[in-house]
């Protein structure tokens, strides 16, 4: 007695033991599910040690930036928009309430009552007053606030719309995972306000967190509906409620056990991982339906449930094992991708797939033994189902394919050519906001705010001063030159002091050179500290000489502060202008805006002075003036205090990855043609940029995983069928299914996003599933008959009915996901159904047509029962 027979006999001889064991196991793993932790942050698609992620976090820290919720306020009933006393009063009250909300960083809120109105106070003087220190009482006061905001380049397009009629509040939050909770609080505040105003909330953090909050609610609703439809479909085919419940039980136990294991091991449930139940339900049902179909068609012929179970298991045990293995390999290959959530998803779907197989071959036979024998009296069909409508249709189809196999192959070839063209049209793109339907409040807010304002999507261009050995050498030469100038001005300065300073310069130069620390500022700072220390206790000319040298070194420090230099700021201004000329860029803000605005007001508000000053000291004066504002720390959003790193805020009105990629490519191309005046290094940060990085990694990773698993499955098929040609043939339905599915995605303009990418693994497993069943049964029938024509007649009997029932049950069963307002769930539902249908069609059309042509090659030396393949397990 082989392993397969021992396992089957154990299941049907000890059904209580089997059922109790799996029920207890499921309950134990289910106890882990309440520990679930949700992760909707796309940043976590990348490893924590990824450069782009570390740089993004460091940029936020260095420039004191936070993730933000954007709250837009629009009043279309007033000719002045929101700039009327009533609306501005509401905005004032709303801002104060938001300030007090837990999780909000009140000091960094961008709102009329939190920002300065920068105005000249006479030549060389500047005043900083709150733009709206209290709500206006008159129309004139409201218009004054609007006009002053429009005159501030840092606020125009950002806080105030370009048409001067709408306002946006930018609400920084401590953590992205608080955005949904905070948005609900803001909704409560808004409900307390009445009037003609419309309020819109948007931004990537709120979109991501809201998706996480809603996806579990929707899955809880969709799962029972899906189960009900699967049950109804199974009833339609098999008409035996007590028996058809078993596939549903297997699916439920598989999902609960797998998710319980995943959560119990401490993994967070990412957006992608939340789809594991959907995938496992489809996978778990497939083998069960194969068993039910075989049981249904054979019971009346055998007349005993025990012997029927043994016959079914003898027929299906090995092919179900191999189909489960191939599906597991397809998903396990996702562990090769560089994205942690994708790795977790792939590994646990692979585990769940094998668990579903174990439940199918052990639990279902045991469960069936609890059903009374007399309950099967009218179960199944006397003729095996060949006289049913489905049976007659498939019989006719088999005859048609046998006679018109060349036509079938030509049609398939044409479809492949068209699909191949469609694949060339695929666009890799994703945007968390588009995970919602167009009618969803977040999508509506996104559309309205990005039409009226510069953009709710942020990316950051970070410019970093680069140093070389030449930089260090130049600093040394400049210091020596300053010493020589000091010597010439103060002849009585002691030679010993001068030599000590020279020696210190040479010593520090050698030290920094050996350590490859070429930072001019650090080098000069050390020498300045030495001069200050040397000055202690000195009097007369020595004191004055050292003080002059100290001031001269201070001037060098200013000269080395890259982002105080007029030519550098002018260059950044050109970069901003270039960015703003590009499609989808609403605004680019940075340090040049601050300098130009303050410089203009220092020169009595004259427009001709809205420019970068001509000298570094003049630039320094504007920056010192800004430090007297109510929000001096706002400066550090654009530049670091040492003025060696600067940040340009890029506001985009589109969150599509392809738009971000295009902007990045275009501006970097311009920079290559127009290099900066100093040695600067450019890096990118911001959620929009992080998204394109993991998208690119996902595409490459998925392709690598698909190719790798394709090769492994091919080897497995060759081993299973002990034939290279049969193994290769079994991969053709898969190849056609993948090509057709992704070709259609390209032709209809559907973006290649995360759900689409991971479905390639499901395609591999399910397509090979049907092919294995078809080829194995074909070889067995041929070994009995020695005739391909007779074999084909039998193949379009019970085997074809099983494949068709399976495809219909799963394909239709997952259509309820189309009712979800979350588009990734719709995508998964649509593609699972499509993939199942295409897989079945590919198997039933391509394989018989090709076998008809290649029968002399495939069936040579296989004309007797003795040559039948051994599937004893």
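Going from the start of the chain as shown, residues are counted 1 onward.
Quick reminder: no glycine exception, Cβ is built from N, Cα and C everywhere.
TrEMBL tags one of the stretches 441-468, 469-496, 497-524 as coiled coil, and that stretch is 469-496.
Contacts between the transmembrane segment (754-775) and the transmembrane segment (218-237): absent, as fewer than 3 C-beta pairs lie under 8 angstroms at sequence separation of six or more.
Sequence-distant contacts of the transmembrane segment (831-859), counting only residues of its own chain at least 6 positions beyond either end whose CB sits under 8 Å from a CB of the stretch, comprise 278-279, 282, 394, 397-398, 401-402, 405-406, 408-409, 412, 723, 725-726, 729, 732-734, 736-737, 740-741, 744, 755-756, 759, 762-763, 766-767, 769-771, 774-775, 778, 782, 788, 792, 795-796, 800, 803-804, 806-807, 810-812, 814-815, 817.
The list of residues near the transmembrane segment (218-237) in space but at least 6 beyond its ends in sequence, with Cβ under 8 angstroms from a Cβ of it, reads 244-245, 247-248, 251-252, 274, 277-278, 281, 285, 289, 292-293, 296, 805, 808-810, 812-817, 819-822, 825. Sequence-distant contacts of the coiled coil (469-496) (same chain, six or more residues past either end, CB-CB distance under 8 Å): 502, 505-506, 509, 512-513, 518-520, 523-524, 527, 541-542, 544-545, 548-549, 552-553, 556, 560, 679. DSSP places the residues of the domain 'SSD' (240-370) in helix, strand and coil in these numbers: 115 helix, 2 strand, 14 coil.
Mean model confidence of the domain 'SSD' (240-370) amounts to 88 (pLDDT, 0 to 100 scale).
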